[in-house]
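One structure follows; several queries about it will come next.
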Ligand SMILES: *[C@@H]1O[C@H](CO)[C@@H](O)[C@H](O)[C@H]1NC(C)=O
Ligand SMILES: *[C@@H]1O[C@H](CO)[C@@H](O)[C@H](O)[C@H]1NC(C)=O
Ligand SMILES: [Zn+2]
C-alpha cells in the first residue's frame, strides 16, 4: 500500500464518520461496500456508440445472484440484452412493481473532465465522478442495494417486484424498452406501477416527473418565383420562408417569455426551435449569389406538453406559420403516440385519482425527504413507453442538493446523496410492494 492510498483511506474513513453522523444509518463497512459496488458499475464503459452491454449485464447479474433475485436475460435485438430481475410477492396475482433503469450512457469527451469519465474517482468532498453517475447508473445500484437490505431484514413483499435494466434509452429506445413493453414477457409481469429515472435537484426537494413532452418534427417548404438577385419583388421562396421563420420566432418568444417571467416551467410550454435551413442554388464551391431560388425549406424541433392540443397547433401552422396563400406547405410528424392504449393522454395523474401517487408521496415523507411540485420532463425517457401501455409511471431519481449534470462534463454524484437514495428506495419499495388496494390496481 502506498502512502497516497493510506492518505486516501484516512480521508475515506473521515468521510464515513461524518456521513454516519448525519444519520444515514448504515454501518461503515456497509457504506464502503455500497459505494464500492456503485464505483464498479460506473467503471464499465457503457457509453455510445459501443456500450459494453455484456459487461454491464454480467456485473448486474452477479449482484442479483448475491441478493437472491430471479434473473432473466432477454434479447429482443441481437447484442442488446435486457436484464430482468424479480422478487416474487406473496400474492403474485396482484399487479407488480417495476423499477426501470437504462444500461447505456451518452459519450463523454475526457478532455473536458477533471477526472476520467469512467474512473469513478471519489474526491475529498465525496463526489464520485463518472459518466452515468446521475444518468442513470446510480438508480440501478440504489434499487439493488435497497432490495439487498430489505432481503437482509427479512422483508417479504406482497406484490412482486421487478427491476428492468434496458439497453438503448439514450438513442431512442426502439431496440430496448419499446420492444420490451410490446413483449409477451412484459405482459406476463402484470405491471401496476413503474418508477423510472428522474433528474437531480439543486434544492433540498426531490423532483418527480409525471409526463414527458411529446416530440414532433415540423418541415416547412416554400416555393416562389425565381429571379435575378438584384430584383426586388414579392413572393420569392426565400421571402415566403422568412415570413414563416418570423412568425415562429414571435411565437417562440411568447412561450419563452412565460418561462423567463417564471409563469411556466420550461417543460410546460411549447418549444419550437429551428434545426436546419435549406435553400440556394449550389455551385461546386458554394452558392450562386445572383439568383433568388424557387424553393426553400426549414426544419423545426417541436415539443408539446401532453396537456396542449395538437389541433390548436395545426391551426396556427395553417393560418400563421405556413399559410398556403404564401406558397407554403408543411409536414408535421409525430415521433410517437400522444395517447395511451386506452385513449387517455400520456400523463400519470398526481392527485387522488391515482392511489399509487399517495403511496409514493407518503413513502418519500417517511424517509425524511421533501418533494417538489410534480413536473413535466422537457425531453423524453423510456417512461413514455410504459405510459403508452396505460401504466402509471413516475420519473424519480433521489438526488437532492445536486447540480443537474446529466449529459454534461464532470457528471458526479456525492457519496452521501447516493447512500441516502438507497434508504429512500427501501421506503418506497417496501411501501409500494405492500400496498393493498380495494380499487383494483
Ligand atoms: C407562388 O409561387 C408562384 C410560382 O411558384 C409565383 O408565381 C407566385 O407569385 C407565388 N405567390 C406567392 C404569394 O408567393
Ligand atoms: C387528476 O389528474 C388528472 C390528470 O392530470 C385529471 O384528468 C383529473 O381530472 C384529476 N382528478 C381529480 C380527482 O382531481
Ligand atoms: Zn437517462
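Backbone N, Cα and C atoms are what each Cβ position is placed from, and that goes for glycine too.
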Which candidate from 170, 178, 185 does TrEMBL annotate alongside 135, 407 at the Zn(2+) 2 binding site?
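Looking through 170, 178, 185, the residue TrEMBL assigns to the Zn(2+) 2 site is 170.
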Hey, TrEMBL has Zn(2+) 1 bound by 102, 135. Any idea which of 75, 197, 205 it lists too?
197
List every residue in the same chain as residue 169 (active site, proton acceptor), at least 6 positions away in sequence, whose Cβ is under 8 Å from its Cβ.
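Counting only residues 6 or more apart in sequence, the Cβ neighbours of residue 169 (active site, proton acceptor) under 8 Å are 102, 104, 176, 177, 381, 382.
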